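To start, the structure itself, in structure tokens.
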């Protein structure tokens, strides 16, 4: 265990944030290998947390019309169509009179259909090339040309196909830069080790937005405040399951003590490897990674980039402690002055 | 509020004197956060219900306060659904509280270009009159050979798969008694 | 299943976790395919060829569960010499009558029973969807038939089945369905290897199977496979229909359907059922085996529930009040009658035919020609606003100032604003508690119909008209409560359950039904839902507090049985087929059937029981006759009657197909219901010319994020934002051929309509190689319309009206169309475009669709036609509607 109040490396964040006798750290394990892309998580989250709509736009990113995690979408199901084999399955289109795959081209078109989500920065327009690369996976053979889909040349007929689905969410990092930079104390670490924006405190300064290494936290236009997944702080405080995990039909989203979830995830990966799914891997589970491990981690079936996740996130406040000392002193001086003023005023 | 209480509730004081010197956790918790309770716990009541969409029959718990539905979620006791719901089932609260729901009778006169309002009792009475008129006009007592028909083919009805068994029972009973044979529902569609 | 029933799909995932293999057959790669072990793309409308291939695979390799098949099915029964198979008549069975488009079933009977008085022409049955009655009740077959237990007799069912499917080889499956041989064999192997004594396999289907002109035969083929493999009545087996509305099962059991009464009693027919006795005998078939033998008591008790004190044994329980069918009174016939001005008033109760039914334009034009329309719904749906906001207003076909239909929109109460029961897809009744009052004028249907009945009766109180007696004598005195006088749903449920008239005591089971007027039962199969005076449907003992069968959660009809025909889970001697698959068995010491479920058998009838000579009804069922509702206690591999379009399933092309039938000269189902009406022009299919005008196959279905016609999802922002626009899915190959761009626009044209949609070019669609040709298929969601938060053209507008002859369900899962890039025209030019296609395809208003496309129909004595007529003459004959 590193020093208390560390901003880097493995630690148990709730005691580190001053919670005495904190309950076990709670989190999500999202197993994308059983996700059916139904989006119940998106809806259940919005119902419970009263999150507004994020626009009525057809994005053309497969069945994803949400686009990304924003202030108005705290769960986001990504859909990736890929001309790749899916583990042990018989190739879906073996023997059919197919031509080359279109999924990279479709993904490229979809990537530039960013809608106005009513949030800021909301959904930045994607990069067509990157989207195409992600859709094709490691076998990507170059950006499809401008010819209509189906008229490409030089690529063999598609036989393999897989449709990846993944419900993304705030990672509730062990070292949460959003929290560390929040000047108002709105973002705080709960006793469950989760990271929550307190809507009664947030003043909409927006520092947290650029601090997040995953691009999760976002500002709601018109409201100005920052919003994101709270891991249903109110529900878990009462011993309930967060709304998304409660709804999830196939237990793709699992909620529980992080230690238990990590064990379960390791077992699941091993089982998948045994069943001939070598591409199964965990993401965000490692306490030694750049954010000290995530409170919400994932089992993926491809590289993180394919799902729009940063491959190697690092807490943006890694070097903050040095700077903090000076800021802390200044704050202390101001606080002392304020207390004196108050005491003086009431006497 | 005394000074002591006030100062203890003040984040910076808590930060400086408590276990959270960097003010990122316990010291930063706001009063609202500290008092948060799920609205399911404070609800006036909970009705055990069933999802209104498809026919899987997932259990729902419907929480309500002050005569309003405040939350609908899966019933973990259900052996069918084990507390889970799909996106539609999960949207049930929005369905029943949707601002687009119609709550007033609307009436369109023949050849009119707009709706107008109508009192519910008046509407019921007008519909009853129209049923009787349609029956009188199209009633068939017997067929060519004098065998009973007892019916009207001037009235049709469609729907029922979204309704309760008790409702379908009354619909079928009443329509049969008035000789209205042409009843159909989604089971044929 | 993951797509339309995600929460049900958790059990598939559970099975998968335990090593089950999941196969998914679908024209397009869906969210279910994504999680399946093997996905088989198929040409829409060819499932009988695929399943027939599996039947052949089982029989050729003798992979059937022989002990089960011999003991529990009609495999050994010997069929009449007069029977001629489709193999010998080029796609027709013996007994076809081209004049009526129906079969005489005499030649289909078992040997020696050709003259059975019940067997006759079936034209009437076809009109009245009588196939649906047999959802639960037995067909007229005698209890005993000649059998050959060695299965070697050339006319035994087993051998007939083998010959019938002998050409459904893997090569033929590939040729018809576009499924490569290896993939087909993978499916056939997995299915057969996972069935038998130790293992069972389940088959799950939805309206992708039923909404075809051969819908019933799709299910029949599935049943044949599951019966041959011993998968019926056993845990982990069965054929599971995943139905699409919260209580669509309930609305069939307590039918808001024209041809049925509660509990699958038939609505009387004017010619067949002039008297109570004739009506009852047509149900119970005196002399037959099985529980329908008691139907006189069920029928009398229903009429007693309807007419109360007025119903007496002396007046046949007011049977004389019952309205009578004379033919087809189904929803599509009604709509055409509306267009022709024959219907005055129309009620829409939580249904939106302007979007949800086939041929939306016909639906809307029908509604525009009524005197009055009552719409009861939660939201303002397209069927309520057709007069101001429909595609026909844009084209000028409906002019609001000239449309006379008077429309009443009455807001309805939602599922949380009333109490009552839904019957879900597995026959489970679950009671819903009421949470809050409905807002404003919103009321339950229970309120509306109770008070409508009350007002009607008040208005008629002084009437002396004979026709009003049925209303005035109706038992219509339900207790009410609250400020709006809401009727008591529990009181209605008690009536449905049934009670002893003298005491009001709720009945505990349908066995207590009497035919002397001493019991009243609203729906006999639901008898027991109020057993012991307790609302059994409201039971909610947690799954954690009971076993996996969960018998104390809700209540299943009949008699709270969770698996039907579960006597078949034990061998003929009453022992479980295997320890692993034990479910219900005979306890010799206790002298009764026992197990995890309520046995679907008389509790104390031992396996060794043999009926005495001349027995009928339940007493005629032997101790090893598990299929207790069948007239012979057996599962039917071959249906000597009851299925109007053939004793065995046969592959016919969809009514609209770009292909000639590779198997037979007979192109499409020769008994399908065709409605020849100027508005209902069907796209030509081979052997007719011009089918190439509509070269592409389209199919429609649901998205997870929406519900049916969209009335409960396009109106809810949480759902609308997830699938915000109408789209069409095309393969990259088709996109290349037609010139469609991802996210661009396309419009689709059929002989009825043009609709537009955004294009999703996706690898999830694939062209298929079928009979040497490349066939392209496109897929559309059918959820969109003109109202709600998100709008779009309605896919169902593309369909014409062609129905399955057994149950009158429409073929709305496959059709042909053309697809072109860009948006559709608007206003009158849109009609010109449809007109142009009709002209090019020679779809004149008076064109007759050829029903018979083989010469085998006429002139061949073996066909047994009573009225021979050449196919050519038939083509010029009268319309069949």
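We number each residue from 1, going along the chain as drawn.
Using N, Cα and C of the backbone, Cβ positions are placed for all residues, glycine too.
Note that the coordinates shown come from a computational prediction; the quantities given were computed from them, not determined experimentally.
With A:170, A:173, A:178 listed by TrEMBL as binding [4Fe-4S] cluster 3, the candidate from A:202, A:205, A:212 annotated for that site turns out to be A:212. Binding site for [4Fe-4S] cluster 2 per TrEMBL: A:45, A:229, A:232, plus A:244 from the candidate set A:208, A:244, A:248. Within 10 Å of residue A:170 ([4Fe-4S] cluster 3 binding site), counting C-alpha to C-alpha distances, fall the following of the binding-site residues A:45, A:229, A:232, A:244: A:229.
Apart from A:170, A:173, A:178, A:212, the [4Fe-4S] cluster 3 site neighbourhood in this chain, defined by C-beta within 8 angstroms of the site C-beta centre, holds A:171, A:172, A:176, A:177, A:179, A:195, A:208, A:211, A:213, A:214, A:216, A:217, A:228. Counting only the Cα atoms, the space from residue A:229 ([4Fe-4S] cluster 2 binding site) to residue A:173 ([4Fe-4S] cluster 3 binding site) is about 12 angstrom. Closest by Cα distance to residue A:232 ([4Fe-4S] cluster 2 binding site), from the binding-site residues A:173, A:178, A:212, is A:173. The Cβ of residue A:173 ([4Fe-4S] cluster 3 binding site) lies under 8 Å from the Cβ of A:195, A:213, A:291, A:292, A:293, A:294, A:295, A:315, each of these being in the same chain and 6 or more residues away along the sequence. Across the fold, the C-alpha of residue A:212 ([4Fe-4S] cluster 3 binding site) and the C-alpha of residue A:45 ([4Fe-4S] cluster 2 binding site) stand 21 Å from each other.
Applying DSSP to the domain '4Fe-4S ferredoxin-type' (A:161-192) sorts its residues as follows: 5 helix, 12 strand, 15 coil. On the 0 to 100 pLDDT scale, the model's mean across the domain '4Fe-4S ferredoxin-type' (A:193-222) is 96. Excluding A:45, A:229, A:232, A:244 themselves, the residues of that chain whose CB lies within 8 A of the CB mean position for the [4Fe-4S] cluster 2 site are, in sequence, A:41, A:44, A:48, A:49, A:74, A:75, A:169, A:230, A:231, A:242, A:243, A:245.
Reported as a whole number, the C-alpha separation between residue A:178 ([4Fe-4S] cluster 3 binding site) and residue A:45 ([4Fe-4S] cluster 2 binding site) equals 21 Å. Taking Cβ-Cβ distances under 8 Å and a sequence gap of 6 or more within the same chain, the neighbours of residue A:45 ([4Fe-4S] cluster 2 binding site) are A:51, A:74, A:75, A:229, A:243, A:244. Comparing local CB density within 10 A for the binding-site residues A:170, A:212, A:244, the maximum falls on A:244.
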